[in-house]
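Summarising the annotation, TrEMBL assigns active site to GLU27, SER180, SER316. Under the heading ATP binding site, TrEMBL lists LYS135, 172-174, 180-181, 210-217, 304-305. Marked as Mg(2+) 1 binding site by TrEMBL: ASP292, GLU305. Among the features that TrEMBL reports, Mg(2+) 2 binding site is placed at GLU305, ASN307. The domain 'ATP-grasp' feature in TrEMBL is assigned to 139-338.
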Amino acid sequence: MASRLRASGQGSVRVRVAVLYGGRSPEHPVSVASGRGVLAALDPQAYDPLPVLITAEGAWTVPGHSAAVVLDPSSGELLGYRAGRPVYSLGRPDVVFPVLHGPMGEDGTVQGLLELAGLPYVGCGVLSSAACMDKAWGKRVAVTAGLPVTPYVVLDGAVEDDLLERLGSPVFVKPARCGSSIGVSPASTREELDAALRIASAYDSKVIVEAGVRGMEVMCGVLELSGEPVAGPLAEIALDGADFFDYAAKYTASRPQFTVPARLDEATTHKVRQLATTAFHALGCRSLARVDCFVTPEGEVLFNEVNTMPGFTAGSLFPQMWKAAGLPYEDLIDHLIRDAMTTPTGLRPAA
């Protein structure tokens, strides 16, 4: 589906790609794995990679350089700093691939910095990144777009006594602005609900409680091709007796916990893909996103959430979905970088 970028002859200039990975969120280890995967997949004939590891404390570092690194928003240069003063420049990258997961990276914060610097970058913009990171806002936008969603309640204070009665049992308690199933717990009793709220609140002051849905968890990878969102093959999550697709199943299982393509009939597959592209449009996404939903035994498709920078190792779900569509990992990365380089940053007038 996409041809790889190749150096065209001796002396060709390689594209300088800054890969941001790590970050301050609880998903730091996942992002490190994703960033290393992207860096390893870059064709050295076509790309001049610049790895920028953001530590768990928020320091920007470049392997092999002892100085802290700062992105200058006025020039777009990456500057090495010592004792509060710039001591060298690593130059201005041609494009940035922020392989960052979770708050302080996937939520519009880093995207805003890149916009200020005028640097093209892979992934969704500031507003869509922020809206999708917040599960409650994502659901509100989905409802406005006419999409059916799982019943939910947002908590930022006291818990109503009849919450379990209203939503049914079990419910799933989540930090509103975390990913990778971090801080997520099921609950069927008030005691379990209180315990789940304590866990979720350790990660976010805003908590969302969702009704459990009987049926299949399905994910759809959406990729922008020629300016239009295209839904790829669907993935079906294999829970293997678990209550939900938790962190351990996603990142520590010894074998893949998903099936591509999902075992759905043609009509239901079409409904999921249509929901995914509608959500992509409604939330203002660009470049890529993974749309997660549920399919009930009756064939109803319910929106759950959108992940604007899903896991990105070669074996991660999003790349595997597109591999099934005939787009290998390296070519997927090529496409995203090339597309980012032709996408203007900042506010721009309508055509």
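Glycine is treated like the rest: Cβ placed from N, Cα and C.
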Which entry in the list of binding-site residues, VAL173, MET216, has its Cβ near the fewest other Cβ atoms, using 10 Å as the limit?
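Least crowded of the binding-site residues VAL173, MET216, by Cβ count within 10 Å, is MET216.
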I'd like to confirm something. Which of the recorded positions, GLU27, ASP292, GLU305, ASN307, SER316, has a Cα closest to the Cα of VAL173 (ATP binding site)?
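Out of the listed candidates, the nearest Cα belongs to GLU305.
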Check the Cα distances from ASN307 (Mg(2+) 2 binding site) to each of the recorded positions GLU27, GLY212, ARG214, MET216, ASP292, SER316 and keep only the ones within 10 Å.
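Of everything listed, what lies within 10 Å of ASN307 (Mg(2+) 2 binding site) (Cα to Cα) is ASP292.
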Work through the binding-site residues one by one (LYS135, ARG214) and point out the residue whose CB has the fewest other CB atoms within 10 angstroms.
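Selected from the binding-site residues LYS135, ARG214 on minimum Cβ neighbours within 10 Å: ARG214.
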Using only C-alpha positions, which one of GLU27, ASP292, GLU305, SER316 is spatially nearest GLU210 (ATP binding site)? These are the recorded positions in the record.
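Going through GLU27, ASP292, GLU305, SER316 one by one, the closest to GLU210 (ATP binding site) is GLU305.
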Which recorded positions (GLU27, LYS135, GLY212, ASN304, SER316) fall within 10 Å of ASP292 (Mg(2+) 1 binding site) by Cα distance?
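Of everything listed, what lies within 10 Å of ASP292 (Mg(2+) 1 binding site) (Cα to Cα) is ASN304.
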Name the one residue among GLU27, LYS135, ARG214 whose Cα is closest in three-dimensional space to that of SER316 (active site); these are the recorded positions.
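Its closest listed neighbour, by Cα, is GLU27.
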Under 8 Å Cβ to Cβ from ASN304 (ATP binding site), same chain, six or more residues apart: give me those in sequence order, or none if nothing qualifies.
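Those within reach of ASN304 (ATP binding site), by Cβ under 8 Å and sequence separation of 6 or more, are VAL149, THR150, GLU210, GLU217, ASP292, CYS293, PHE294.
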I'd like to know which of these recorded positions, GLU27, ASP292, is least surrounded, judged by other CB atoms within 10 A.
ASP292
Give me the CA-CA distance between MET216 (ATP binding site) and GLU305 (Mg(2+) 1 binding site), in Å, as a whole number.
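Roughly 15 Å, rounded to the nearest whole number.
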